[in-house]
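According to TrEMBL, the protein has these features:
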type	residues	note
DOMAIN	195-237	domain 'B box-type'
DOMAIN	344-401	domain 'COS'
DOMAIN	407-500	domain 'Fibronectin type-III'
DOMAIN	485-710	domain 'B30.2/SPRY'
Amino acid sequence: MESDRLESPIAIKGIERELICPACKELFTHPLILPCQHNICHKCVKEILFAFEDSFADGGSESSNQSSPRIRIAASSMDRIDRINRAGRKRNSLTPRSTLFPCPSCQRDIDLGERGINGLFRNFTLETIVERYRQAARAAIAIMCDFCKPPAQESTKSCMDCSASYCNPCFKIHHPWGTAKAQHEYVGPTTNFRPKILMCPEHEMERVNMYCEICRRPVCHLCKLGGGHANHRVTTMSTAYKTLKEKLSKDIEYLISKESQVKAHITQLDLLMKETECNSERAKQEASQSFEKLYCVLEEKKSAALRAIETSKNIRMEKLQTQVEEYQGLLENNGLVGYAQEVLKETDPSCFVQTAKQLHVRIQKATESLRSFTPAAATTFEDFVVDTAKQEDILGDLSFHSNGLEIPEINEEQSRMYNKALISWECSGKTDSADIYVLEYHKLNKEEESVTWQKTEVCGKSKVLSDLDDDSSYAFRVRGYKGSICSPWSQEVIMRTPPAPVFSFLFDDKCGYNNEHLELNPRRTSVESRAGFPLLLGSERLQVGCFTTLDYIIGDTGIAKGKHFWAFNVEAYSYLVKVGVVPSSKIQKLFHNTSDVISPRYEQDSGHDSGSEDTFFDSSQPCTLVTLGMKKFFIPTTPAAPKDPASRILPLPSCLGVCLDCDRGRVGFYDAGRMKCLYECEVDCSGLMYPAFALMGSAAVHLEEPVTAKDREYHDDI
């Protein structure tokens with residue numbers, strides 16, 4: 001039995017690469033099998049989960065990434081922190097709270113579920129191979145007996161049932177003949193003890209006896225009966241063992257038969273490596289020459305700028321020095337003043353007048369310059385400031401451009417601005433796509449002279465941004481990178497954020513909700529008007545001049561103060577929809593008002609066409625609403641509205657928004673796609689304000705879904 005367990009060192013020679021953990025880069029220790037079928041150390045997966053918890057708690061700071069000296073989390077993995085499942089057990093020193101992390105091998109998101117690490121299988125086969133490798137690598141360093149009194153003797157065998165190592169005397173003592181322990185399975189000295197029966201992680205008292213072909217993992221009969229594998233295709237363990245072993249054996253035989261082809265490929269790869277080395281050196285030289293040219297241009301510009309500054313300095317110094325000498329001449333017994341003092345000593349009037357006239361003019365000029373002192377030259381060099389902002393931007397974009405890497409284009413239809421910004425882009429797909437994308441954005445501000453782009457790296461083709469200001473316009477651009485090669489920037493796209501923070505609510509299915517005419521979806525985010533049999537029966541009572549009423553529904557949350565924004569979609573087939581706000585004090589009146597649809601001016605028995613009746617109609621409404629329908633947006637009739645009816649009818653936007661400012665008492669209706677205000681009016685905000693909707697005929701309204709990280713996953717899959 002012992003000889004069956006021992007393997008020749010030659011059998012495991014050269015397989016160290018397969019025995020290295022992708023996280024810690026060391027030999028596996030208690031390896032676990034992830035759902036993606038890759039392996040990882042038990043200790044490493046705990047450290048990764050703890051590291052992600054610390055990163056999430058610290059807001060993703062760089063310092064938080066160093067929670068484990070063995071684990072290095074990539075920036076692309078840190079981008080997934082906002083998707084970590086925060087629900088679960090309380091954190092302690094042994095159990096991580098997080099259950100979602102990227103696989104170190106394939107970067108696929110791994111969700112461990114409720115059981116966390118305890119739900120993973122331990123890879124005993126890999127653990128045994130690692131133990132054989134360790135013994136071969138250290139030339140079978142002696143394993144000491146676990147039961148000898150000091151000094152311990154070298155063990156000669158290990159008991160797999162007792163999970164302990166023994167020397168010969170101790171083994172005979174603890175495994176006497178004629179007892180049950182004498183039947184224990186023993187092997188050569190080892191530190192790798194594996195159970196005889198593999199138990200199910202989900203049901204700890206059940207042994208695995210089936211293999212799930214969908215999840216590619218062993219399961220027990222309880223998993224198949226009522227667990228997560230109830231509807232999965234399973235097979236018996238013996239059948240799976242036989243099938244997989246035959247496949248693996250055939251594949252290994254095929255690879256061995258192609259040994260000459262493999263060696264030829266290795267030789268070819270060696271040549272390619274040498275060629276790559278030569279080409280890289282050539283590319284380095286060309287890059288160095290390009291940068292040397294830039295250095296020369298910069299040195300020339302630098303020298304010219306310094307010469308210009310030096311020349312200007314010398315001219316100014318000369319002017320100032322001349323002015324200094326002139327003022328020194330105004331000192332007593334010096335220069336002009338000293339000369340004038342000597343002239344005053346002249347006693348001959350004729351000679352004095354002849355000299356003093358010109359001297360007096362000079363003295364007057366000196367006196368005037370003394371009263372209004374002005375330096376002969378400026379001391380500042382503001383005209384000599386070198387503006388390198390544009391050049392810095394150009395140099396910042398300096399990289400290896402490639403015609404083979406296509407330019408990504410931002411898809412404005414798939415991009416959204418709501419509670420967060422979802423920016424999505426796409427490529428034509430004709431050439432190799434990029435490994436990573438860089439998304440840059442900046443806020444449009446006319447007052448700022450220079451533009452500072454904010455940058456973020458993205459692994460997929462969409463990004464959710466949550467740090468944008470309300471009521472602001474932003475410019476976005478994206479480029480792709482494949483190694484050190486990058487594509488040119490995409491065309492800049494300008495998008496505007498909502499005018500106020502997004503207000504979240506659902507349709508209220510209790511207050512005034514008419515379930516005979518209206519139908520809500522289970523999540524209460526969509527409402528549809530059912531123009532069915534009940535409405536047909538009601539129309540039997542209608543006569544000329546009578547009109548059916550609207551069916552109202554409100555939001556389940558009110559607004560007391562502040563400025564808020566919400567958006568929704570109206571189906572194109574909708575006949576009549578009204579949207580707006582209603583105060584809490586008028587909700588009852590709203591649901592009991594039966595004459596709020598048509599003005600008397602349109603009734604056949606009205607007898608006249610009076611605009612004053614419209615004014616009465618508008619003032620009598622219990623809430624502030626605008627009318628939508630038949631793919632049109634109707635601006636309400638007000639004194640400030642255009643008199644031409646055609647100018648008050650606008651195309652219905654694909655997405656509409658309402659902005660309520662309780663502090664100013666204003667409500668605005670927006671084209672939410674462009675964040676453009678279509679109509680704004682005053683509103684009484686003395687009480688709680690609720691979003692209000694009214695439908696008649698065939699119509700449907702869908703509340704805009706908030707932008708979440710799942711939107712990014714969805715667009716990346718597309």
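Each residue, glycine too, has its Cβ placed from N, Cα and C.
A TrEMBL annotation is a machine prediction, not a hand-curated record.
Residues belonging to the domain 'Fibronectin type-III' (407-500) score a mean pLDDT of 87 in the model. Across the domain 'COS' (344-401), DSSP assigns 34 helix, 2 strand, 22 coil. Across the domain 'Fibronectin type-III' (407-500), DSSP assigns 0 helix, 43 strand, 51 coil.
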